[in-house]
Each structure stands twice: as structure tokens, then as C-alpha cells.
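To start, the structure itself, in C-alpha cells.
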Amino acid sequence: MNTCAFLLILAVQIHADSVEGPTAGCTFDEDSDPSLCEFSQGEEDDFDWQLFRAHASPHSTSDLLRGSYMMVNSSQHAAGQRAQLLLQTLSENDTHCVQFSYFLYSRDGHSPGALRVYVRVNGGPLGIPVWNVSGSRGRQWHQVELAVSTFWPNEYQILLEATVDRKGYIAVDDILLLNYPCYKAPHFSRLGDVEVNAGQNATFQCVAAGRPSEAEKFLLERHNGEVSSGGSVKHLGRNRFAVSFQLEDVQKPEQDLYRCVTQSSRGSGVSNFAELIVKVPPSPIAPPQLLRAGSTYLIIQLNTNSILGDGPIIRREIEYRASLAPWSEILGVNMVTYKLWHLDPDTEYHISVLLTRPGEGGTGPPGPPLISRTKCAEPMRALRGLRASEIQSRQLTLQWEVPAFNLTRCHTYSVSLCYRYTTAGGGGGHNTTVRECLAVEHNTSRFTLRDLPPFHTIQIRLALANTEGKKEGKEVMFQTEEDIPGGIAPESLTFTPLEDMIFLKWEEPVEPNGLITQYEISYQSIESSDPGINVPGPRRTVSKLKNETYHMFSNLHPGTTYLISVRARTAKGFGQTALTEITTNISAPTFDYGDMPSPLSETENTITVLLRPAQGRGAPVSTYQVVVEEEAGRKVKRELGIQDCFPIPTSHGEAQARGAPHYYTAELPPSSLSEATPFTVGDNHTYNGYWNSPLDPRKNYLVYFQAMSNFRGETRINCIRIARKAACKDHQRALEVTQRSEEMGLILGVCAGGLVVLILLLGAIIIIIKKGRDYYSYSYYPRKPGNMNKTPITYRQEKSNMMGSMERSFTDQSTLQEDERMALSFMDTHTCSTRSDPRSSMNESSSLLGGSPRRQCGRKGSPYHTGQLHPAVRVADLLQHINQMKTAEGYGFKQEYESFFDGWDINKKKDKTKGRHDTLMGYDRHRVKLHPLLGDPNSDYINANYIDGYHRSNHFIATQGPKQETVYDFWRMVWQENCFSIVMITKLVEVGRVKCCKYWPDESEMYGDIKITLLKTETLAEYTVRTFALERRGYSAKHEVCQFHFTSWPEHGVPYHATGLLAFIRRVKTSTPLDAGPVVVHCSVGAGRTGCYIVLDVMLDMAECEGVVDIYNCVKTLCSRRINMIQTEEQYIFIHDAILEACLCGETAIPVNEFALAYKEMLRVDSQSNSSQLREEFQTLNSVTPHLDVEECSIALLPRNREKNRSMDVLPPDRALAFLVTTEGESNNYINAALMDSFHRPAAFIVTPHPLPGTTSDFWRLVFDYGCTSVVMLNQLNQSNSAWPCVQYWPEPGLQQYGPMQVEFLSMSADEDIITRLFRVKNVTRLQEGQLVVCQFQFLRWSAYRDVPDSKKAFLNLLASVQKWQRECGEGRTVVHCLNGGGRSGTYCASNILMEMIQYQNIVDVFYAVKTLRNAKPNMVETLEQYRFCYELVLEYLDCLEVR
């Protein structure tokens, strides 16, 4: 056969007879149809296959078989050369088999080469040989089957390749395509694509029909020719098995086409190519975005629009961790935003987003992290453990607990050590309080305070602050040790020098530095004008007792200067010395006369005496005088001694002219009397200008010798009578008669004058007593005995009051407006006096309203009644008066209020830019005038007016709330008027409008030249107290000012009840010092609320001191000072109701240190009334508790809400309702729950009945919506006295959904008193709101049929446990429930309020605590037993504190 080309694979032929056999093939015979057999030689090989026909070949040998076939003679080619034979491309639809025969033969038995079969699919690479054979197989044909499982539309092509090795022959023949399965080679079922995520294992499972031989090889071939072996075989049946190939940890580059291949000597099975699809798990390209950060949360946006990797995304998760933490947490997210809860404050977090696609391992790597930090949170509490490790006289070394992060809750924090001490003012001045705050180094718990005063009580407080808040600890007192005292102030040394004595007085050292034990005084003479004194003299020392701050020096020398030193001593030693020089006075000269000397001689006109020289004392004698005195009418006091001397020089002629009884008869120099010398009196000579006239023989004479010393302007005289000359008898008798006449006239004149004075004095006393009785004896209303201390009014006080009234009566009434005249009359009537007036004190225990014990009531002035249309009202008649005014048809509150506006006008409107309202400008006469600023004469204006208080003129300043441009003026006024208290009765913003600008700093700020520093803030439920320190440039003094900010006045109208406002007024009164300046009161415009406050303050004092109230005339008076002080009729009525409440309730607060005795007295049963004070107080509470009308509970009474109420008798008022926020289908927002205030926080409690089966979902909505972190359960489940059963409303254990709320049980602990359960609550409809951790406290010690708990200690344990949890979780609200949400819940809330009262204000006020709760819901604390339990619980609590 010479045919060059044959059809190897024939077209498919369909036989009509359906006889099984080859559908196509190549037998290479001569008679075969060449059009049906087609093959081609390879182009990438070394030589071609040859068609061999044995009968026609010239090279035929005995080694070759007979017949026609394709052959390779390896002896003609070099080893390694290849020849390829390509068969026709096939595309089959059904199972088929390719069969061919081959032989390999070499005469020497060696391998002629190898025969390999390849199956190429869709023109792709050859891949590996699916079948191959080598070696000499004998001189015979062998049959092979190929089971190729590649079907249309795919196509495949078979390639036969012969590789030469040694001499021999390789031949193929009878290549047939059979339309039935192969018998020897297994057929693979269709191999499906495999999709995996990168990094996962991929498994190809090749299912085949047939029976594999033991020598069968199973391969997984990659499209590029790589081969994997080691497949596991599993027999599925008799003629069916599966081979599994696992590719481990596949990655994206391994994505390719793969097929299964079986190999044996009998043939090969080849599957179709299946694709291994490797998907890369997705990962975000960008980090998440931070939307908002808080102290314990971060709100982020996932930001997953752009990703790396493959989708689809079926799950999104957040992975977060603290930057330095080894842990991380992953949370599932189903929204584009998410709120991370319960984070640590001031902590940096790494937050990444994880995306997941379908399949195992579909979660991609975390995306780029968002690195964000939470904000700081307010410190958990103040630092504790403050103690002194070392105490010295001038320094303290202090230690305290280390400020750990769980306390600071911020890495950036500051520890301030604030201390204060009081030093006594020098010179009798006021005490000065030194305050200073020092910053402590970071991360230290030790500090040394230096430069402290010795032996002083130092009060120290630690303050822990960060950017979000500040926590101050309690003050701890330390006392420094003693030191040597400071010096006695030289200016405090006062002395009185005498001739031989000095009286010295001094003050205690300004800095005693301890307890003074003694004073030491030293003195020494250092100079003297007496030449006979030796100076300096010896130094002498005297010790004085600690309480002796004076000394009398005696036995000193006259005219001598002494150096005196004084110093104090403490246990530490002597202090500095105070020095002074004091000179004693010179003394009069002394004479050396024994008895009166006898005259040397005597004539009718002369007498001769012996003059002896005098001795100077402290100064020498400067001159001598001889003095003659007529004896007529003069009695001799003593025969010899010092007489009244004669310092005024008088000559004889001058004495005659003036009628003087004595004259100088001679003046002698000291030099003339160096020794005793005779001298004749009356010798008619002149001595130094003085005529020694002869003596009159008719008169008696006394002769005196006088010596005089002069030194530095100081003169001392001494004289002595040295002689007496008698007159003639006749002249003496005449003189005596004249003298007696003169004496009798003098006596009669004195008696007459004394009688006149006595008559006038008695008349004045009678008039004053009569007027005093008329003025004070009249009392229009009876007084309750014992209400006031009756202080007697002295004559001086009466006279002062009378004169004041007289002076006012002469005031020019024409200059006053009608309202002002009325106001003056009102103030006169109620004895309004100035601050400096003397006032009587009030006995606190007997006061009518329990006001401040420091209130001075003065006299009991009569009410304003005489001829008046609006008289004062007795307190006892006030309730009846108010009821009449509210129900009156002709004349009531409306008409009375409108009468205030008759004839009002404003004549002066100035400085409108500084006024908040044009029509509310203050009257200029009572306007506060500021000290003008330099260069600005108009800067004296501020919209503020003085208002009189009760018994205190200008006690208040009513002003508008400061605007931005008037803040400096406001603080100028506070400084100028020395104000201590500022009362603010407005919020900064109300109804969307700015009512008052924030005129105070958060820390410290300058307003002009005034520096305001916030010292501390105390926040209560209804008001806030801020304490400021004021300093002004150019002034050394510091002022302390307290702002009392009432925050509970509603934006519209007046408060529903006056309880909180009355407590607020009492707090301001007790906190304001008596010597402070006016109380500044402001709201927004300085009227309305301001007027209400002032009227209440004045009327409370009047009611207490006089037993009456004069509201109408008080309001009229206020309006004369500042216009429109009461703006609405509603405010006017509120004042009456508030005064009534104050009078009915009184003051019920008890200091902690007096509580035990007070409560014992309250329990004492009065023998007459057979009732105790405690019972009467509870009855009063019931009488003032408001009763709810149907209109006040309109929402609870709606038909759709009736089924949500456990009892229709216990409904919450509309004003206190806690409306639900979370929606649930068609359910409304009502739940039977009321908001209640605690002592420190408004709406801190939510009181509700035990949930009904149909309101459990509402209960959990309430807990979540209001951020309630605690639930207090005071009843037990399934109580038999309940109208409906008390069901369990929580899951235990596990997780349960109540409407939109999912509640997950976390843990439980229990003891004999309390079961504590922890839950996690979240809203599944709004997962972005995060989750809430709630702790439930189920109290077990309250029996079903008892009004009070079984154990007070157990109840205190409950209160402490809840309080501790609330501190740890950030002060969320507390839900309190019992069976009906009344008595038990009220007892718990009242007890909580009382504990806070004791902790922060050291007072107990059970009445106030319960009344505050009842103002919101009347059934709080229902029984007397529960009310008494509150008292006894306080007693138990105080006992526990003492034990600690």
C-alpha cells in the first residue's frame, strides 16, 4: 500500500441494523477507505512514522509482523529522537472507547524505545502521557483501551509518540473508535468544578465506572502538565469507585483546569477538565471611619464600599482591641454604623473590619485599622487614704493611695492638694483664711507642704481632676507642731511711765506658733538725768505667766531711761525679742524737814524762817519760791506734809487785784541755798521780781517753801508749810463771821438746784414708761406662748425707735410716690431696721417655721391693719383666707392682683442697652449705683435695685440675669456690695431662648479686673450650689461668693409644689453670714420669679416672728422699689400656697448629732392628746399630700391603657409619666411608671408596679429607653394577694426576646437577703444603639403581708449594694418596683434619699424626703409603719457609722 495518508479516525456512521462494532477507525489495510482514516505527522518531532505493509516493503525482515500498520524503526534513528502521530480531533456526545494495538520488539531483548499516548483537549497543552509503555514486549500485538470522558462541545485529540532508545521496532495498528464503553479502562463521570477560598483545601472527587486493577495508577493532572498522585480510592459498588484528590492550602496561583487519569498496562481512563476556582476572601481597602467618641464608647462607620478580594460579602464583623492589650474581640455587625460599648476611658483602640464571603475560610484578613482613643471619663471617686507620714512645725509630709487608672479614668489627669487654715488678724483685726491649691506631680502619692504656720489646724482636701470632671475628697484635719513663737509686735507694747514705776502691757505674738507657756521681761537703766544714778545699771529679768500680758515695774529711778525687752516662750523655746525704751517721769524735789520748824523770830509784820535746800529726784532743783497764803476760810489738812502747791506765779499785786489768797513773796536761785539759810518773810525787799511785802497784822498767814525742778519741758513742784503767823484777835473774829455767811449761801444754792433736777428726771421717766406701755401692749392678733424669746427692750432702744419714727414722720412726703409712702408705712409697721440695729435672737426649737436660729425678730410689731383695706392675715387663719380668695365670686385673687397696677408709670428709662426689658427698668431712687470706672462717668449704671428684707434694709438686690455686655458690671456690683449669696432662678436657655448668659467660669476666668475661680460645685436634684473665690486687681482681699442656682422652676408657669423652693430658701438663709452684704436675686428680667423669692423670704420671717403674714402689702412695697415684681396672678397665688405649705409643715430637718434624742422625743406619747409627735407629723404629711384628680391622670385612664394598669386605684399623674421611646408594632408609649427625684439627681428613680404578663415587653423597653442599670424588686413572685399573678419577667438561664428587646441572662449570685442577677439588654431593631448591662436586685426579706422589711440591716445591705453597682456602671437610673409601685417602692426611694442627706449634709429630714416623693405620686410610703421604719432605718445606719 503506497497511500501516504489514511483516515485514522472515521466519521461517525449510523448503521441501520444497530450492530455494535467500530464506528470509525484505521486498520491501515489496503482496502480501507482512505477518506475515513485521517492522521497527520507531528511538526515538532524529529522524524515521521512510517506506514508499513509487509508484502510491499523492501525492508521486510523476519522481525516484523505481517500486515499493514504504522511503524518506527528505531535502528534508523538516534536514541532520544521522537516521532509524533496526531489523530483526528474528536467531539463526542456519548460514552465511547478508543482502542488500538501496538508492539515493541527488539531482537536482543532490549527496549527499542517507548510509546506514549497524549490526550490534548481544546487545542491546549499536551500535558502528561495518559498511557505509556516501554521495553521489548515480544513479537506480538497488544491491545490498549482509552476511555476519554471529554464530550461536546469540548473536543480532544489523541497524539501517539514514539521515542527511540535502541535497535528494534515500535508499531501501532487497528486504531478504532467504539460506541460502547471500554472493557479494560474505567470511564470517569463528569468531573465538576471546585470552588474554594484561598488557603483552604480543595478536593477533586473522580467517580468512575469499571473495575480498577491492583496495578492501576490514579493521577490528577493540571492543565499545565503538573501531576498529583496519591488519590484515595473508595469503592461505591460492584462496578463503581471514586478517587479523591486533595490539594492543600490552595492559593490564587493554583487556580487552573484539572482532570483525573488512570493508568494501567491495559489502557487509561481520562476525565474531562474541571476548573479549580480559588476565591480570595475580601478585605476592606480603607479603615473604618470614626463618627463620634465618648468616654466608654466609639461610634464608627464600617466604610466597606471598596474591597480587595472576591465577593459576595455575606457577613461583616468588627475586630477591636486596646493598643497594648494581648486580647481582641470580634463582634458581628448588620448595619453600616456600629457603637462599641463598655470601653475603657482614655484608651487607644485598634478597630478593623472583617468581611466574609461564602465557604469555609471565607473570612478575609482584617482591613486597615482605625486607631482611635476614647475620651476621658469623670474620675470614679476622690482619692482616699490621706494621712501624714511626717509632721513638723512648718511642714507636713502627706501620703495617699496611688491614683490608679480605674480611679483617674484618664491618662491625663491632675491631682490637686488644696489646704486652708485660719490665722488670727493682728491688732484685733478679723481672722484671715488662707486657701491654696497645689498641683501634685503625676504618678506620685506623696507631697510635702511647706511654709505652714506652726501649731495650726490645716484642713486638707485632695482633688482628682481630668478634662471631664473633678472629684474632691473630704477634708482631713492635721495640726502642725509647735515652734518658737514669733516676736511680739512692737506696736502692741503700751506703757504708762510714772516717777518710780512703769506699767507695761503687750499683746500675744501675732504668730504664737504654739501654746504660750510664759513671758520673759528684761529691763536695764541706760540713761538718767539724775547725776546721782549710775548708768548703765544691772540687767534684771522677770518671768510672767502665760495669761499675764502686763507688768508693773517698781522701785525705779525717776528721770531714768530703761531698755525693756519682752519675749514669749512655747514648749519649743523663746521667740524673738521686742525692745522698747521707756523713761520714767522726774519726781518732785524732797525737803529735809522733820516736824514743822519754829520760826526763828516774829514781829507784827514779819516772820523769819529757816530755809533748807531741797533734794532733786531725777532732775536738779531749778528754783525756790517762798509763798504766803492768807489763812482766812481755809482748814488745815495736816500740820506738816505736802500741801496743794502753787505752780502759777502770782505776785503780791496780782493777788490783791484778783483777790487771790496767796502770792509769791520771793523767788530764790538754787545757788543761794547751798545750805540752810534764814529768811525773813515781809522784809519789804524784792527777790527776783517778787515783792516781799510786809504782813498785815490783822490776818492769819501760812508760809510755804516751794522747790521746782524742770527737765525737758517737764516740771515737778513740791512745797511744804514751814510757818504760821497768827493775826490779832479782833481782826480774826470779824473774818470768821464773814466766812460763815458765805458758806451758808453756797449750801442753800446747791440744795435748790438738786431738787429741780430730781423733779425733771422723774417726770421724763414717767412719760417714757407710759408711751412704751401704749406702744407695745397692743396686740392685734394673739400670739402662741413660747414661740419667741422675749428680749426686754432697754430705755436706749425705746428712745432710738421713737426718735426714728419721729424723724420719719417729718420726711417730705410730697417727694414720695403713693406706693413709696405706702411702702414706708409698711416698713415702719413691721419695724424694718438697718443691719447695724440691735436684734434679739430666735429660739430654734420653738420657732414657728423652723427658720435659721440666727434670725433676729426684734419686737413683735403690730400688723398693718388700722383703717386698711388689706390687713395682715394670721397664720392660723391663712388656710381659710386662701380658700375664700380662691372661691370668691366678687373679690378674689384676680382682683387683688390687678389692683397692683393702678396708676403705675415709668418716668425714667435709661441705659436700654443694659436692660433686658424696656418696661422693667428699676426705679432710679433705689437703684444700685456702681462706682464709676476711670474716664467713664456713665459706668455707674446697672439694672438692679435695693429691696428691703424683714428687719433688714437693702437686704436684697433684685437684678436681671446678666447679658454678655453686663457680666463685668454684675461682678463689680457683687464685689462693691460685699455680697456673699447669689440666687439664680432661671435656666440659661428656656423654650429655645437665652434667658441668662453663663456669667461664671468652669474653672477660672478674668472678667475685667476681677478674677473668678470656681472652688466647688454641689449638685442636688432641684438646685446647684457653686462656690467662687473673687480677686480684684489692686486689692489684697479675697471674697468668697456662693451661687444658689434653682433649676426646678418650670419653663412655663410656677412650680407644681413649693417643697423644693422652700428647702432652697432655707438653704440660702442658713448659708448666708449675718455680716454679709445684700443677697443678689435674679431670674431673667429680675421680676416675677425674683419677686416670688423675695416675698417668700420676707413673709416666712414675718410669719415666724409675728405669727401673721402681710403678702399684699409686701408685694406692693416691692413694686415701689422695682416695677412688676410679681408678673402673673398665678405667681401671686403660688406665693400664698407656698407660705401655707411652710406654715403647715414647718421645719422638719434634724442634725445628725441630735437625731437619736429627737427621735426618742418624737415617740413620746402626750398624755393629753394620747398621740406622739411622730403620728402627728405623719397626719400632717397626709393632709398636705396632693390628691390626684381625674384630669391629672388622663393618659393612664385612656381606654387603650386600662389593661396596662395593675390597679385603677394607683395611677401615675401625667406630669410624672415615663413615656416609652422604642416602638413595638401597634403598641403605644404608655407604661404605668413615674419618674422620681433622688436627693442629688432629678428623675433618678422610676417607680412602677410588678410587670403584668402583657406588659413585660413594655417593662424592658422602659429599662432600655431610660438607661436603667439597676432594677430593685421588692416583692416576691406569685404573691397570693395580687389581683393578677406576679410572673417572672426575665430569662433564667439563656436568652429571650420580649418584643424588640433581647434580654440575655449573664450570671446570678445570692445570699440570704438578696438575689443579684446580671442581664444584657439590646434592641434588636436598632443594634447601633448598643447594649445595656442591667443588674437586678431581688430583696428576699420583705414578707408578703408585712408593711415593713423583716430586717433593717438587710435593707441597708440592699441600699449599699445598689449604690455600689450604680457607682461602678456610671450612675444610670434605677427602676424600683413592688406589687403596686407604692408603699414599698416609696420606702426604698425615701431611704435612699435619707442616706444621701446624711452623707452630704449631715441632716435627716424624713418628712421632706417622703413629701418630695408624694409630690410626684401620692401613694409613696403609704402607712405610718413605713414612715416610722424610715426613722428607725436612719437610727440603725447611724449606729453602723459609729461602729465603723
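The backbone N, Cα and C atoms fix where each Cβ goes, and this holds for glycine too.
Residues or ranges marked as substrate binding site in Swiss-Prot: Glu1051, Cys1083, Ser1084, Val1085, Gly1086, Ala1087, Gly1088, Arg1089, Gln1127. Under the DSSP three-state reduction, Gly1088 (substrate binding site) is assigned to coil, being neither helix nor strand. Cβ-based neighbour count (10 Å, all protein chains) for Gly1088 (substrate binding site) stands at 21.
According to Swiss-Prot, the feature compositional bias 'Polar residues' maps to 830-849.
On the 0 to 100 pLDDT scale, the domain 'MAM' (24-184) averages 87 in this prediction. The feature domain 'MAM' is assigned by Swiss-Prot to 24-184, with sequence analysis given as support.
According to Swiss-Prot, the feature domain 'Ig-like C2-type' maps to 186-271.
Marked as domain 'Fibronectin type-III 1' by Swiss-Prot on the basis of sequence analysis: 284-379.
As annotated by Swiss-Prot, domain 'Fibronectin type-III 2' applies to 382-483.
The domain 'Fibronectin type-III 3' annotation in Swiss-Prot covers 489-590 and rests on sequence analysis.
According to Swiss-Prot, the feature domain 'Fibronectin type-III 4' maps to 597-677, an assignment based on sequence analysis.
If you look up Swiss-Prot, you'll see 886-1142 marked as domain 'Tyrosine-protein phosphatase 1'.
Residues annotated as domain 'Tyrosine-protein phosphatase 2' in Swiss-Prot: 1174-1437.
Residues or ranges marked as topological domain 'Extracellular' by Swiss-Prot: 17-748.
According to Swiss-Prot, the topological domain 'Cytoplasmic' annotation covers 770-1444.
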DSSP residue counts for the domain 'Fibronectin type-III 2' (382-483), split into helix, strand and coil: 7 helix, 51 strand, 44 coil
Cβ-Cβ neighbours of Ser1084 (substrate binding site) (radius 10 Å): 22
Per Cβ pairs under 8 Å, the stretch of 186-271, 489-590, 886-1142, 1174-1437 packing most closely against the domain 'Fibronectin type-III 1' (284-379): 1174-1437
Considering the domain 'Fibronectin type-III 3' (489-590), which listed stretch of 186-271, 382-483, 886-1142 counts the most C-beta pairs under 8 Å: 382-483
All-chain count of other Cβ atoms within 10 Å of Gly1086 (substrate binding site): 28
Local backbone state of Gln1127 (substrate binding site), from DSSP in three classes: coil
Cβ-Cβ distance under 8 Å to Glu1051 (substrate binding site), same chain, at least six residues away: Lys987, Glu990, Val991
Residues Glu1051, Cys1083, Ser1084, Val1085, Gly1086, Ala1087, Gly1088, Arg1089, Gln1127 binding substrate per the record - widest CA separation, whole Å: 16
Helix-strand-coil residue split for the domain 'Fibronectin type-III 3' (489-590), DSSP-based: 3 helix, 52 strand, 47 coil
